[in-house]
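All remarks here apply to the structure that follows.
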Amino acid sequence: MSARDGFGQVLRGEWTKLVTVRSTVWCLFLTVGLTILLSIIGAQGSSTNVGDNAERLLEDRFHFMHQPLDGDGTITARVVRQEDTGDWAKAGIMIKQSTEPRTPYVAMLVTPGHGVRFQADFSTDVAAGAGGTPAWLRLTRSGTTITGFTSPDGAAWRQVGTAELAGLPRTAEVGMFAATPASGTRVIRRGGSTTSSPDYEPSTATFDSVRLAPAAGGPAGAWQSDAIGGGVEFADGTTLVGEASESGGVFTVTGTGDIREVPFTERGDDDIVRNALGGVYLGMIAAAVLGVLYVTSEYKTGMIRTTLTASPRRGRVLVAKALLLGTVTFACGLVASLASLLGARPIQRDRGFVPPFYPDPSLTSGTVLRAVFGTAAFLALMALLGLGLGAVIRRTAGAVVAVLALAVVPGIASSLLPVEGEKWLQRLTPLAGLAMQQTRERWDNWVSPWPGFAVACAYVALALAAAVLLIRRRDTA
Amino acid sequence: MKHAPRFRGAPAIAAARVSERGMGVTALHHRGGPGLVRALHGEWTKLRTLPSTGWLLLGLVASTVGLGAVTTWSIPTDCLDPDLGCREDLARVNLTGVYLAQIAVVVLAALAVTAEYGTQTIRVTLTAEPRRGLVFVAKAIVVTALVAGAGTVGVLGALAAGRPILSGNGFTTAAGYPPLSLGDEPTLRAAGGTVLYLLLVGLLSLGIGMSLRHTPAVLATVLSALFVWPIAASLLSGEWAARVMKYAPMNAGLAIQATERLDDLLIGPWQGLGVLAAYAAGTLLTGAVVFSLRDA
C-alpha cells in the first residue's frame, strides 16, 4: 500500500473539502452563531421575581395527633413502623406552640434514610445515629427548654439535643406526627392545558407505648387529629388530607408534607444552565444541515465519483468524514456552548436570576461541565445524524427534511399529546440527547442525562451503519 | 426513486421535456393562447414531473390522516366526566397531522423553485417566457392548487377517520360531543382553515425559495421559522413567551384550528391566520422583487 492510499491521505482530502466548500463553512459558522444568538435572546426574554422576597420561607405541613400540655411535662412514644416513602419521610413526636402552621416546635423523629433526629424551629437538626423503626423517642419540656432523647429499649435513654423556644406559651400542643416530602411532580394535561403540582405519596406510621406525664386530664379521646397547614391540593383538583386514629393504645398517623425551611436554591425552579444553552435548538438545525451537505453536495456535483475512485475503500471514506465532522462540530459546539453560558449569565442576573436563589454556575461543577460538553456533543451528534441520513438518502432536500422531522418536529407536536405520550416521545427521539443539559430536578426532565445521550447516540450509530452498508453496495449515483 | 445518472435526477428530465415543448410553445403563441395559461402549463409540467412531487403529496395526505388518527385516539377521556368542567378540543386534535404535513408542503413549494435553479432549467424557463412576473404567478398558482387539493383530501380523510375513533372512545352526542361535522361552523373553520394554513405555508416557502434559491438554505430557513419559535418560547418567561407564541408563524396560523375556549387563545383564529398571511405576503413580495431584479 502506497503512502497516498493511507487513511491519513483520506482524512486530508476530507478535511480540505470540509474547510473549502463554502456551504459547509457557512453551516459551521451558523451552528456557532445561531446557538449563541438564540441563547442570548432567550436570556433577554426571561425573567423572575423570586428575589423580591428575601425572607425565610417555611414549609410546615404534616398530620398531627395532639393534645394540649399544660406547663412542664414529658411525652414518650415508640414508633413501631414507618412506611418508607422517601429518605426524608418523618414520623415522631412533637411539642409545638400551637396548631397554626409556621409556629415554633421541637420534634424527635425517625426517617427511613437518615436515622433518628432531633429538629427544632426549622433550623436545628441533630442526627442521633443510624437506626430505623422501632425507635423510642422522648421530649421533655422544662420552662421554655425542650430536650430530646432516644432509646433502643425504652429503658436506657440518651440525650440527643436541646432547644430553647423563646416565648413558648404555658400550654403547648404535644403529640405524634407524620409527614413525607413531595415524591415527584404530578402533571395533568386536560382540555389542552397543562398544569403541574408536587406529587405526594402519604406515609403512615404507627406508634405505641405513648405516655404523657403529667397524664392528660381528660379521657383518651382528648387526642385530636389535625392536618397542620391543610391538606395537599393537586393540579387535577383532588386533595389529599392525612388522617390519624387510635385503637387499643396503638396510634396510626398518615400524613404528607414537610417541616423545614425551603432553601433559597429551591425557591425558583428554572434550570438556568439549561436555559442559557437553549440556543442549541437553532444551532442543531445548522449542524444537521452541515452534516447533510457534507455528503450530499458530493453527490450533487458528482465529486463523489472522484472521491471513491481515489479511495476505493468506501467505508473508510465515510469513517474519515464522520471523524472529521464529529471532531470539528464538537470543537465549534464547545465554543458555542461556553460562549452561550458565559454570555447569558450576566443578562440572567439582570433579569432577576440572582444568588442566593440562582447561584452563578461554576465551571468546576460536574453537572455544569456535563451540560456544556453535552451540548457540544449533541451538536456533533446532530451533524453526524445529518451525515448518515445524507449518505443514505443522497438528496439534500430529502435528507434535510428527514433529519429535521426526526430531531425537531417531535419536540413540538408532542405538547398536543397526553402527558404519557409526550414523555415517551421525548425519551425516544434524538432530542433525548439534550437531557445532558439538565443541572437540577424539574418536572419536565423526562429522561436522565446519560440514558438520553445514549438514545441520541443510538440514532447516529444506526444512521452511520446504514450509510456504510449502503455506500459499499450501491452504485454512485 | 428513479435515477438518471448523467442528468443527475429528474429536474434535468423536466428540463428536457420543457425544451421539447419549446416548439409547442411557439405554436401555442401563434394560436393566441393567453400568456398565463402557457406559463401555468409549463409550471404544471415541471412540478408534475419532479419525482418528489407525488411522494410529497402522498406524504401530506398520509400524515394528515395518520397522525390525526393517532392523536385523536390518544385524547384523554377525563373530560367526559362532567364534574371536571373541562372540554377537549376534538377538531383541533383531530387535525394535528398538519404539524407533519406542512413539512411536505414546505419541501414541495421550495423544490418548485430551487430544483430549477439547481439544474439551471430556470434559464430555459425565462428564455421561453421572459415575463418573470407571469412565471412567478404561475408557480404560485400551481403550488397552491396542488396543496389545496391534497390538503382538502387529507383534512376530509382525518375527519372521516376520527369519527369512529371518537365515538368508540366515548365522545358521543350523549356525552356532549356531537360527531365532527363540517356543518358546525367551528369545525368548518378549523377544517377549512387548516387547508388555508397549508396554502399559506406553501406560499411562504415559495417566497423564501425565490429569495434564497438553494434547497438546503430554503428548507432550513423555512422549517426553522416554523418550528424553532415554539421551542424558543419555552426558554422565555411571561410576556415575551406570550409575544413569541402570538406572532410566530406556526402558532399564529394554527390558532384557526381552535374550536374550544377561543377566549384563551393568545390570538384569534382569523387574526392568527392573518399574521401568517402577512408573513407569506412579505416573503412572496420579497421573492418577486428579487426574482425580477436578479440575474437567473
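From the backbone N, Cα and C atoms, a Cβ is placed for every residue, glycine too.
What you are looking at is a predicted structure, and each value in this text was computed from that prediction instead of being measured.
According to TrEMBL, the features are:
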type     : residues  : note
TRANSMEM : A:21-43   : transmembrane segment
TRANSMEM : A:276-296 : transmembrane segment
TRANSMEM : A:317-343 : transmembrane segment
TRANSMEM : A:363-385 : transmembrane segment
TRANSMEM : A:397-417 : transmembrane segment
TRANSMEM : A:450-471 : transmembrane segment
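Between the transmembrane segment (A:450-471) and the listed ranges A:276-296, A:317-343, A:397-417, the one holding the most Cβ pairs under 8 Å is A:317-343. Most Cβ pairs within less than 8 Å of the transmembrane segment (A:317-343), among stretches A:21-43, A:276-296, A:363-385, A:397-417, belong to A:363-385. Same-chain residues lying 6 or more positions outside the transmembrane segment (A:397-417) and placing a CB less than 8 Å from one of its CB atoms are 192, 194, 281, 284-285, 288-289, 291-292, 296, 382, 385-386, 389-390, 425-426, 429-431, 459.
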